[in-house]
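**Q** The structure that follows is given in the form of structure tokens.
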Amino acid sequence: MQPFERRDGELFVEDVPLARIAEQFGTPTYVYSRAAFTQHYLAYAQALGDHPGMVCYAIKANSNLAVLNLLARLGAGFDIVSGGELERVLRAGGDPKRVVFSGVGKTREEMTQALNAGIFCFNVESEAELEQLSQVASELGKTANISLRVNPDVDAQTHPYISTGLKENKFGIDIERAPAVYRRAAELPGLSVQGLDCHIGSQLTQLAPFMDALDRLLVLVDELAGEGIHIHHLDLGGGLGVTYRDETPPPVSDYMDAIKARLGDRKLSLMFEPGRSIAANAGVLLTQVLYLKPTEHKNFAIIDGAMNDNIRPSLYQAWQNIVPVREHGGEVKTWDLVGPVCETGDFLGKDRSLALEAGDVLAMLSAGAYGFGMSSNYNSRGRPAEVLVDGDRAHLVRARETIDDQLRGEQVLPDSE
Ligand code: LLP
């Protein structure tokens, strides 16, 4: 069974028709499939096999507590980028000893929180961060396991906003400088050098850039070993890209096999931080057509989903398929699917061939990653509900945001002023 499948013209997620979810929970709503999350995570875990290492799901892709909990139950590790994400892992029942902490701007408080929780490793992104972590750990009487995130200067051949491994990007430590920084790390108190990591970008659909980065990392591992600095794990950052339209990323097993083959007889455990490839095709965004507005120049379908619900089309010109949950006849026309937000850049899809009527429920596919997580309250719109389907049951895992939720914490000036 495919997690999202059309049966007699009706789109199902597992054994639940999406139309029923729209009726029950309203729109816009994110709908996830437990089976899909499970399959996608297991593809990594199984491809890693008995090679020592961990698959640390990148929470930023989709941080709903129920999603994290189901991955934790499968034994996943987690890649976090904030204290908030650490708290989510802990509340979802994740194991702090399987957590890596990425990101260029960890605060003292976040370092303290992560050290107290006992996370597996800090992926350190600058010399200044290294010094601060050493200080914080020493003050707490703890030792922070560290890995340096190096910037291997590799072109990931992806959208410039999600390409991170080039010299001009803010991420990581220049690979040329890395040996000096490792030497410094080895002498600083409160730190234990464990690993080496990189993350060159997201939505990579070819292996070559990953392999170029790996080759550079391995040269560094050998150079460091020559100086008596031993690296125990390699962390290659995010996972493979996904199919949104006609992209054909290689299977995870090819990726892992290629990596293992290059390690030779080096004793390195392997860490991965996949987000998109676990979450994207495990979710859809349901939205309803409010009005049809054909004009002389364009046919607009005004839908109740907007850029605040899924900003990917506006921000990256991302293309995600949009299909009716229930097929019906009628004339197919070319539509721009636009939301209620007051911005010309507010659209979920342009030039889509669809037979539409007001009231139709549409599913924006491949929306499980970087969808809800990047949503906002722009135009004071409540963020969508989130539903997780498990077989024939649909569970509300996040209630639609109300205006009271939005206003919590705001207040007006006292009367006298
Ligand atoms: N590890 C690190 C350090 C990262 O920065 C990222 C993603 C990942 C892992 C997960 O990468 P993935 O497996 O998802 O490719 N909002 C953008 C994507 C931003 C990715 C940022 N970093 C989008 O919607 O396309």
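Yeah, the Cβs are placed from backbone N, Cα and C, and that goes for glycine too.
Please treat TrEMBL annotations as automatic predictions, because they have not gone through curation.
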**Q** Based on TrEMBL, name the residue from Gly239, Gly330, Gly409 that is recorded for the same pyridoxal 5'-phosphate site as Glu273, Pro274, Gly275, Arg276, Tyr370.
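**A** Between Gly239, Gly330, Gly409, TrEMBL records just one in the pyridoxal 5'-phosphate site with Glu273, Pro274, Gly275, Arg276, Tyr370, namely Gly239.
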**Q** Got a sec? Which of these binding-site residues, Gly239, Gly275, has the most Cβ atoms within 10 Å?
**A** Gly239
**Q** Rounded to whole angstrom, what's the largest C-alpha distance between any two of Arg276, Arg312, Tyr316, Glu343, Tyr370, listed as binding substrate?
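**A** Largest Cα to Cα distance for the substrate-binding set is 27 Å.
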**Q** Tell me the Cβ neighbour count for Glu273 (pyridoxal 5'-phosphate binding site), meaning other Cβ atoms within 10 Å of its Cβ, over all protein chains shown.
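**A** So the Cβ neighbour count for Glu273 (pyridoxal 5'-phosphate binding site) comes to 26.
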**Q** So what sits near Arg312 (substrate binding site) in its own chain, CB-to-CB under 8 Å and at least six residues off in sequence?
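**A** In sequence order, the residues whose Cβ lies under 8 Å from that of Arg312 (substrate binding site) (at least 6 apart) are Ala318, Gln320, Tyr370, Gly371, Met374.
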**Q** Centre the Cβ atoms of Gly239, Glu273, Pro274, Gly275, Arg276, Tyr370, go out 8 Å, and tell me which other residues of that chain have a Cβ in range of the pyridoxal 5'-phosphate site.
**A** Tyr57, Ala58, Ala61, Ser202, Gly238, Ser277, Ile278, Ala279, Ala369
**Q** Tell me, in order along the sequence, which recorded positions from Lys60, Tyr316, Glu343 have their CA within 10 Å of Gly275 (pyridoxal 5'-phosphate binding site).
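**A** Cα filter at 10 Å returns Lys60.
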